[in-house]
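Q: According to TrEMBL, the domain 'Cellulose synthase RING-type zinc finger' annotation covers 29-104. For SER308, LYS314, GLU315, ASP344, LYS485, the entry in TrEMBL reads UDP-alpha-D-glucose binding site. The active site annotation in TrEMBL covers ASP344, ASP749. If you look up TrEMBL, you'll see LYS486, ASP510 marked as Mn(2+) binding site. Under the heading transmembrane segment, TrEMBL lists 822-847, 859-877, 897-917, 938-959, 979-997, 1009-1029.
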Amino acid sequence: MSGFAVGSQSRNELHVAHGGVEDEHRSPPARQNASKTCRVCGDEIGLKDDGAPFAACHECGFPVCRPCYEYERSDGNQCCPQCNTRYKRHKGCPRVAGDDEDDNFDGDDFEDEFQIRNRGDNEVRLPGFDHSENGDNHAQQVNQNGQVFSSAGSVIGAELEGEGNAEWKERIEKWKIRQEKRGLVSKDDGGNGDGEEDDYLMAEARQPLSRKVPISSSKISPYRIVIVLRLIVLGFFLHFRILTPATDAFPLWLISVICETWFALSWILDQFPKWNPINRETYLDRLSIRFEREGEPNRLAPVDVFVSTVDPLKEPPIITANTVLSILSIDYPVDKICCYVSDDGASMLLFDTLAETAEFARRWVPFCKKYSIEPRTPEFYFSQKIDYLKDKVEPSFVKERRAMKREYEEFKVRINALVAKAQKKPEEGWVMQDGTPWPGNNTRDHPGMIQVYLGSAGALDVEGKELPRLVYVSREKRPGYQHHKKAGAMNALVRVSAVLTNAPFLLNLDCDHYINNSKAVREAMCFLMDPQLGKKLCYVQFPQRFDGIDRHDRYANRNIVFFDINMRGLDGIQGPVYVGTGCVFNRQALYGYDPPVSQKRPKMTCDCWPSWCCCCCGGSRKSKSKSKKKDDASLLGSVYTKKKKMTGKNYLKKKGSGPVFDLEDIEEGLEGYDELEKSSLMSQKNFEKRFGQSPVFIASTLMEDGGLPEGTNSTTLIKEAIHVISCGYEEKTEWGKEIGWIYGSVTEDILTGFKMHCRGWKSVYCMPKRPAFKGSAPINLSDRLHQVLRWALGSVEIFLSRHCPLWYAYGGKLKWLERLAYINTIVYPFTSIPLLAYCTVPAVCLLTGKFIIPTLNNFASIWFLALFLSIIATGVLELRWSGVSIEDWWRNEQFWVIGGVSAHLFAVFQGLLKVLAGVDTNFTVTAKAAEDTEFGELYLFKWTTLLIPPTTLIILNMVGVVAGVSDAINNGYGSWGPLFGKLFFSFWVIVHLYPFLKGLMGRQNRTPTIVVLWSVLLASIFSLVWVRIDPFLPKQTGPVLKPCGVEC
């Protein structure tokens, strides 16, 4: 038995289960592989003839079974997947081109290859067979045959030995049975015409489900060279700036140098995590061949999908309904999908909406799967301006599509009627259809609610087929309890899903993010179900794509630079950050467990040389006592670094622990270590302290492959699900601290992914050609700034918490470049302070006539020119390898300035007040009516305090430009030269703030009077103060002497 035991078995029972294994089939613990399963195909690794485990690679010991080893040598790249060392030939394996010349085809090897047993001292020789001359020819014949056991070998064996022939046939039959179990050969494969197809399936099933595609060296190498050159130029530039102060404007010079130094550090944090960007490819056909074989049960892993919503009046129910419909109609086995909708507002409107959605899904889901339409969201499918008849060949499609569109319009009318009804709440509260009061009438004080729609026990579709399960969840809320907003709601869904379905993987979506690619979950499974890669992955992150954004994307709502450049760079390190939606999680990673750790193969030892010689040669020679101590220590480490999966009396993976491993490994390795084993077990009390007081949920956490414990019924599970969403369940547990979504920040996504990466998990960035998910984004200026404010506030909260990447988890498993990326995500709001100062400096220079840079000589001009050229070259080469358009890149640069001097600035002060002083200030957004036109919301203006700083900067720089030009006109030709440098920086500010100015004016160049008044007032006061004080004028200490104008 391999793997682990689950259910209600106790530790003693597990030992009894393995106690019957015969000793002769066990290998000594010291020689045992770290894994008993092949990391390529997932089958068990067999033993060699001497009883030792088969080790394909002599260097690293990477677990690969013999068939995969032989296939890799014959048809693959002949290298180990882990260390890329070329496989050496084992005895009994066919030769391939490239085998070492000294690996002669001697008599012993010949016997082992063809299973010929010599009797006595008689040497068996084949007539006419010369080992030294014809060995290679025979090897070619074996290779051309294409079978693991060559026909030539079987004929020779039959001629030479009668008993050996029977043994040979028995081995052939065993091999065929193993291949049939994998589905790689059919039972009737006896030379028929299906042989080539079977060989193809065998080859495809053994191939990886995904692969890394590195960026072409012709694109990435120049990019890296320019980064290094820019770093060198930046160093010389700062050296020049620091050593050449502007004496006549020292305060301005000092401010500018401090700002430039901060910008340089910020650039380093942002740039170097993009050093090794990669792409990835997935192979969905191989996934189907491996896990969806005809005539066998579907072996794709179940997936629980989470949809979170708070207020259906702010998040339209029709959008949530479309998201749910896209999930129910996804291209995945219906019994493997379950959709959980979290209603954190306890709204009867959403409850009724899901009931209507479940009814409409009975017709929508079979329509989608029958005609393979994309996207499977009715609102966006019917609004597509494309030829919907393309690639459709069935005559009934047009008729059914027209009928389905009519039914969807009726569905929308019913939903809109529910919304209209919900606008005014009755005095006595909402009443359900059966006459009972709605339990959630008080949104801050209500019990937990769960309603199961569809599924195996629910309604079938119109064709009589089963539909995925749909579950409505509203967690309990009571006054006096901390509910932790979205993070708390997601943790409640984790527990409910573990009790009801317990799928090993979880897909997290916002209510406005629908599934745009029906094969999105399959794309993720290509990584998570890969036997080599999947066990170490905590999540697969997809990029966010958006609908309803104007073509010019004025405020960088698509965020293309981050999703197509930064995230791909992180994928080449330890993986992308978690961005809150469009992410498929490994449930075990959310439980705070550590990933499996590959056991390194011990170094070769020898006793033939003195110890000092072995040390010099890199080997090790130790006495038996030391070796025994080392074995004891390694055993101790293996026990404490691995997680035992059991129920009842168990031990759990603690902080800093390692991977799951087989019970056989424990039981064979712990003989004589009873005390050690007892000290490793966690009591039921410790389980409850970590996960809460729910035996059903605790049992589910110990089932790595998912599934429900035996002996449970639906009534008991529903009752237990209500218990795990009670408001007091998380008290005195590790929920939100080490388990699930982490509390302590409004951007719980960054914090949750950071904790997983600190434990050593890896993540993967998946970018299918058809976007996996699409959502809606705020496209008007005020909403966009408010969204950015919330993100920046979360980063400030993380910066001021114990989880700050600057000092958290050193000595752990977080890679340094990954740490730089996380540091950049939490310090970027603080860039707003030097950015605001740097955008003010050009206007001050124009108003005062001073400048931050003294007169340049030719040598200094070279550094300025080199810096600007390196900035341009970095941007161009970045666009070249990423495929991002220059317009998207420029919009991102513009909004970096707009958001920096507005939302990021307010986030810094709000975060400091909230964390240090306990003052929670909110910047609310009040909406006005939008125009009912396409992209009408783009011109919708909402007053917010965030608009004042950038508006003031624009007016200040415009006034400065006018003042500077006027001064140059009055003073003559000689003053135009110094003016150009000042005008350049001032125009740099105005050009970057131009989209903000355009959004401020609106469609008809309108702007609220209060914004104009505040901005003009602040700019005027600032200008007058500078004119009145002017600290840069030389101060005279003596009497003021003025010429009288009379010639004496």
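Note: Cβ is positioned from N, Cα and C throughout, glycine not excepted.
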Q: Just name the most isolated of the binding-site residues LYS314, LYS485, LYS486, going by other Cβ atoms within 10 Å of its Cβ.
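A: So among LYS314, LYS485, LYS486, the binding-site residues given, the one with the fewest Cβ atoms within 10 Å is LYS314.
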Q: Check the transmembrane segment (822-847) against each of 859-877, 897-917, 979-997 and return whichever range has the most CB pairs under 8 Å.
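A: Answer, by Cβ pair count: 897-917.
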Q: By a Cβ-Cβ criterion of under 8 Å, what residues six or more beyond either terminus of the transmembrane segment (979-997) are in contact with it?
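A: Sequence-remote neighbours of the transmembrane segment (979-997) are 554-555, 781, 839, 841-843, 845-846, 851, 853, 891, 893-895, 897-898, 901, 950-951, 953-954, 957-958, 960-961, 964-965, 967-968.
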Q: Just checking a number: largest C-alpha distance across SER308, LYS314, GLU315, ASP344, LYS485 for the UDP-alpha-D-glucose site, rounded to a whole Å.
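A: The span, Cα to Cα at its widest, is 16 Å.
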Q: Looking at the recorded positions GLU315, ASP344, ASP510, ASP749, which one has the fewest other Cβ atoms within 10 Å of its own Cβ?
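A: GLU315, out of the recorded positions GLU315, ASP344, ASP510, ASP749, has the fewest neighbouring Cβ atoms within 10 Å.
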Q: In angstrom units, rounded to an integer, how far apart are the Cα atoms of LYS486 (Mn(2+) binding site) and GLU315 (UDP-alpha-D-glucose binding site)?
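A: So the Cα of GLU315 (UDP-alpha-D-glucose binding site) lies 14 Å away from that of LYS486 (Mn(2+) binding site).
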Q: For the domain 'Cellulose synthase RING-type zinc finger' (29-104), what's the model's average pLDDT?
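A: Mean pLDDT across the domain 'Cellulose synthase RING-type zinc finger' (29-104) comes out at 71.
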Q: What does the structure give for the C-alpha distance between SER308 (UDP-alpha-D-glucose binding site) and ASP510 (Mn(2+) binding site)? Integer Å is fine.
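A: That separation, Cα to Cα, works out to 6 Å.
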Q: May I ask for the distance between ASP749 (active site) and GLU315 (UDP-alpha-D-glucose binding site), taken between their Cα atoms and rounded to an integer number of Å?
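A: Cα-Cα distance, ASP749 (active site) to GLU315 (UDP-alpha-D-glucose binding site): 20 Å.
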Q: Return the count of C-beta atoms lying within 10 angstroms of the C-beta of SER308 (UDP-alpha-D-glucose binding site), excluding that atom itself.
A: 24
Q: Can you grab the distance from LYS314 (UDP-alpha-D-glucose binding site) over to ASP510 (Mn(2+) binding site)? Cα atoms, rounded to a whole Å.
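A: The Cα atom of LYS314 (UDP-alpha-D-glucose binding site) is 14 Å away from the Cα atom of ASP510 (Mn(2+) binding site).
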Q: Taking only the Cα atoms, work out how far LYS485 (UDP-alpha-D-glucose binding site) lies from ASP510 (Mn(2+) binding site), in Å, as a whole number.
A: 14
Q: What's the CA to CA span in angstrom from ASP510 (Mn(2+) binding site) over to GLU315 (UDP-alpha-D-glucose binding site)?
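A: One finds 10 Å between the Cα atoms of these residues.
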Q: Beyond the listed site residues SER308, LYS314, GLU315, ASP344, LYS485, identify every same-chain residue whose Cβ lies within 8 Å of the center of their Cβ atoms for the UDP-alpha-D-glucose site.
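A: So the extra residues in range turn out to be THR309, VAL310, ASP311, GLY345, LYS486, ALA489, CYS511.
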